[in-house]
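Chemist: My questions all concern the structure below.
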Amino acid sequence: MKLMDLLEEIDTIEIKGEERINIENIYYDSRKVTPNSLFICIEGFQTDGHHFIDQAIKKGAIAIVAQKDMTGLDGVTWVQVKDTRQVMAQLGSTFYGRPSQHLELIGVTGTNGKTSTTYMIKKILENHERKVGLIGTIANWIGNTEVEAQRTTPESIDLQQIFKEMADEKVTECVMEVSSHALALERVAESEFKVGVFTNLTPEHLDFHENIDNYREAKKKLFYLTTVANVINIDDPHGAMIAEEVKKLKPSLITFGIKKQATVMAKNIATTLKDVTFDLVTPVGEARVTVKIPGIFSAYNALASIATSIAIGVPFDVIVQGIQSIPGVPGRFESVLGIKDFSVIVDYAHTPDAIENVIQAAKNVTEHRVITVFGCGGDRDRTKRSVMGEISGSLSDLSVITSDNPRTEDPYKILMMIEAGIKKTKGLYTIIEDRREAIRYAMKEAKKGDIVLIAGKGHEATQQIGSNVIIFDDCGVAREIAKEEGLDDSDIHS
């Protein structure tokens, strides 16, 4: 595509050089640049793309888009703009032929429940014989083809490329997790959403957003990008605030909840270790529904997916069949099979609200003890560490504090911050830095009927310690320990 065509709708400050050159690709990572490409300088949290212009040119970049004034770029077209992040989204959409226009795009945002909700929506739509794409934390899916996910929401140029691949493969709907970072950093700009979904909002990422109000404002942006409907949990106080504000917009407002009167509701809820059952009440039909993921939080996720499906016209009987056919979501209250006498549950819960929900869900389905193994990630929001410790100390019969992904932080210091919260309670706890040994301790400590809850990493298959990334899968490790310690049931195979 000609550079002049790419720049046609871009608000530029200045252009130096030839505009009639042909651009074969667009990059923001100088290491990936190929000949005849355009390089966009993005100011990141740790690096600044402006520092890698020379490297990009040496690798073949023939045009540079930057926020800073540059000189001495002979033979290279230089384009200065006010905001390269916003422009990257515009360029990506134009370069790939505005692909989101060819998809029914559904965005799901919220602190917790995004992954489960997107998987549920995908399953319902597939039950409606649709070819569905999914973009999220665990993986990206183009129909039945799985593609590794690098982050919850890809950078805008990568996102537009994924949309293009989906459109080329005749995907009809794309369901995607939309993180607050993605909304704040313009990753989903130029993406045309039909439906926006709000699950809930509790303190998280405050190292980035600084306070809960900024966090909510970032999430709220999604509902100004939609054209058909906004689906919002009004039991959540932040959701109620957002719903009140966006109800005046053109897209229809569909609310869901359990406590407050809403468009879509769950009543008479019963939960077991294997599932949650409730009376589904909607404007288009009512039914007794069983979802194979236990917990009240699972009922909320199901309501979000059901309300979304109603918004885009899926028949009620198809919705009910679809939501009940979901086998589960990887790392979301996932039972580790093959263990005798007690249960082991693995969950991604890594926020205060999430860990409270999963511990409470475990307590609701056993009359015995709940032993919680958890930690907190390094180089992330530090304010939640003592809070999570206090929650586990208050609710768990025994807390085993361990490493999550310490990254570049001292693991011991993270553990001490968690311990400070537990000390505010009368809860029993122990500290075992090595995650494998912490899981081993909890499983050896468990008695008949107990639940060992391993929280924080869920589906993740690695652990990051310093600059090292090691293979570590909570489910797999639990199975290995069960076999090593004679805790496995040879008659059950996972």
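Every residue, even glycine, has its Cβ placed from backbone N, Cα and C.
What you see is a predicted model, and the numbers here were worked out from it, not measured in a lab.
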Chemist: Going by Swiss-Prot, Asp404, Asn405, Pro406, Arg407, Gly456, Glu460 bind meso-2,6-diaminopimelate; tell me which of Arg380, Arg382, Arg436 is listed for that site too.
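Modeler: According to Swiss-Prot, the candidate sharing the meso-2,6-diaminopimelate site with Asp404, Asn405, Pro406, Arg407, Gly456, Glu460 is Arg380.
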Chemist: Are there any residues at least 6 positions away along the chain from Asp404 (meso-2,6-diaminopimelate binding site) with a Cβ closer than 8 Å to its Cβ? List them or say none.
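Modeler: Correct list: His350, Phe374, Gly375, Cys376, Gly377, Gly378, Ile414, Arg435, Gly456, Lys457, Gln463.
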Chemist: Tell me which residues of the chain lie with their Cβ under 8 angstroms from that of Lys114 (ATP binding site), as long as they are six or more apart in sequence?
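Modeler: Val108, Gly136, Thr137, Thr152, Glu177, Val178, Ser179, Thr199 - these are the non-local Cβ neighbours of Lys114 (ATP binding site), listed in sequence order.
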Chemist: These are the binding-site residues: Thr115, Ser116. Which one scores highest on other Cβ atoms within 10 Å?
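Modeler: The residue with the densest Cβ neighbourhood is Ser116.
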Chemist: Determine how many residues of the motif 'Meso-diaminopimelate recognition motif' (404-407) DSSP places in helix, in strand and in coil.
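Modeler: Helix (H, G, I), strand (E, B), coil: 0 helix, 1 strand, 3 coil.
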Chemist: Can you count the other CB atoms that lie within 10 A of the CB of Gly110 (ATP binding site)?
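Modeler: For Gly110 (ATP binding site), the count of other Cβ atoms within 10 Å is 28.
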Chemist: Using a 10 Å cut-off on Cβ-Cβ distances across all protein chains shown, tell me which of the binding-site residues (Thr111, Asn405) has the largest neighbour count.
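Modeler: Of Thr111, Asn405, the one with the most crowded Cβ is Asn405.
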Chemist: Give the distance between the Cα atoms of Gly113 (ATP binding site) and Lys219 (N6-carboxylysine), rounded to the nearest whole Å.
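Modeler: With the alpha carbons as reference points, the distance is 14 Å.
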